[in-house]
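**Q** Got a structure for you, questions after.
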Ligand code: F6R
């Protein structure tokens with residue numbers, strides 16, 4: 001798998017924003033698989049700039065987010081719904097709210113909601129470009145180590161390391177939800193093209209395992225070796241020492 005070092009996170013973010021922009025430019029009804037998290041902030045900012053400067057019509061674009069916390073309503077400030085509104089959907093006019101999908105973390109029956117989301121992906125997909133971040137433990141979406149490669153959208157118990165990493169978005173670590181609904185590894189692999197982004201020293205080990213390790217559920221991102229169209233972009237700090 002080719003890992004491309006684009007130098008700085010700003011450069012890499014702009015590069016990936018351009019890929020999304022071009023996708024939407026060439027296909028009005030593009031389907032995008034979107035991620036949240038710190039890694040994506042600059043990328044969405046660059047994307048909004050590109051959309052704004054070029055006034056691209058995005059009314060037919062359909063988006064599918066990877067995951068949402070169980071127990072948070074769409075209005076909760078730390079929900080991924082709010083993250084997406086704040087960073088993209090409220091920043092550029094024209095996205096159709098009915099075409100911007102995330103799992104409903106407040107659903108009465110989360111298992112049922114996970115099944116509904118997977119059916120939606122099957123009906124509306126496949127996704128043209130799936131954007132991914134990566135956890136320090138190699139998770140993609142919220143597919144933690146040990147998640148079966150054939151998993152579809154499901155309810156997940158978050159690991160202690162993920163709860164710790166995400167506690168920065170909450171007032172108190174105790175407020176971080178312990179569960180999420182996440183696209184499964186098989187759901188992610190259905191995308192036509194996958195772009196993974198990783199920045200910073202703390203992601204170097206996960207990227208090294210992706211670059212050099214076996215394909216194993218212990219490092220969920222290694223499933224990407226089995227996909228024909230994957231790009232991985234990193235900054236200097238996350239670039240493995242491959243010599
Ligand atoms: C978010 C997601 C997660 C993050 C990963 C990295 O939708 O699916 O897999 O991409 O936890 O998070 P950051 O970017 O905050 O380091």
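Just so you know, glycine gets a Cβ as well, placed from its N, Cα and C.
Nobody curates TrEMBL annotations by hand; they come from automatic prediction.
Pulled these from TrEMBL:
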ACT_SITE  67  active site, proton acceptor
ACT_SITE  137  active site, for ring-opening step
ACT_SITE  139  active site, proton acceptor
ACT_SITE  144  active site, for ring-opening step
DOMAIN    12-225  domain 'Glucosamine/galactosamine-6-phosphate isomerase'
**Q** Suppose we screen the active-site residues 67, 137, 144 by Cβ distance to ligand 1 with a cut-off under 6 Å; which survive, in sequence order?
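**A** Checking each Cβ against ligand 1, the ones under 6 Å are 67.
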**Q** Give the sequence-ordered list of residues that share a chain with residue 144 (active site, for ring-opening step), lie 6 or more positions from it, and have CB atoms under 8 Å from its CB.
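**A** When sequence neighbours closer than 6 are ignored, residue 144 (active site, for ring-opening step) has 135, 137, 156, 157, 158, 159, 162, 220 within Cβ distance under 8 Å.
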